[in-house]
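Peer 1: Sharing a structure below in structure tokens format, with a few things to ask.
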Amino acid sequence: MTSAIYFSKFLVTRQVFYKSKHSYALVNLKPLVPGHVLVVPLKTSVISLADLSREENEDFFNTVQLIHRFIKHHYKADSLNIAIQDGPEAGQTVPHLHTHIIPRYRANNVGDKIYEMIDNWSFESWEERRKEYLGAGGREGRKQLAKPDDQRVESPEEKMEQEALELSNELATFLANNPTLK
């Protein structure tokens, strides 16, 4: 995956673990639970589901289904939440269509509170923390940002890159063992 990939205006190439013709899957900056990933169209001009062409829509939902199967298998989830917040009034905070895929388990289930956790995320506060982190440099910058944010912890870029690499390798194995999913 050598060409630059953006989530809205943010370069996320190193967080991507799967790429199709029109979509990609990436690890989440602030996962609600381990395995919380996003599926996003490659075109940054796609803000709403209605902005996808028929071909892009088919590719997008095929990618959602593939990543759904993979995440459920890889994280041994009992269920998954699949969520699209289509527009600001629906809670969309990043102006780029994306689908949350969130593993769920019988044990320690938070139920519908998962939606409150998604809603409490703020693009503006994330952008401020990112600027502060990058400006302050490394761990010292992160220490200043260690404030509670609905129990979510921002993942360091290196950790997200490593997770993306691991998921990419595991997904390749998963697809090799399930050739009908390709």
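Using the three backbone atoms N, Cα and C, a Cβ is placed for every residue, glycine included.
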Peer 1: Quick one: which of 86-90, 96-100, 151-155, 166-170 does TrEMBL have down as motif 'Histidine triad motif'?
Peer 2: 96-100
Peer 1: May I ask you to find which of Asn28, Asn57, Asn62 TrEMBL records for the substrate site already listed with Gln85, Gly91, Gln92, Thr93, Val94, His100?
Peer 2: Asn28
Peer 1: Note the mean pLDDT of the domain 'HIT' (3-115), expressed as a whole number.
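Peer 2: Across the domain 'HIT' (3-115), the average pLDDT comes out at 93.
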Peer 1: Give the maximum pairwise CA distance in Å, whole number, for the residues Asn28, Gln85, Gly91, Gln92, Thr93, Val94, His100 listed as binding substrate.
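Peer 2: Taking every pair of listed residues, the largest Cα separation comes to 17 Å.
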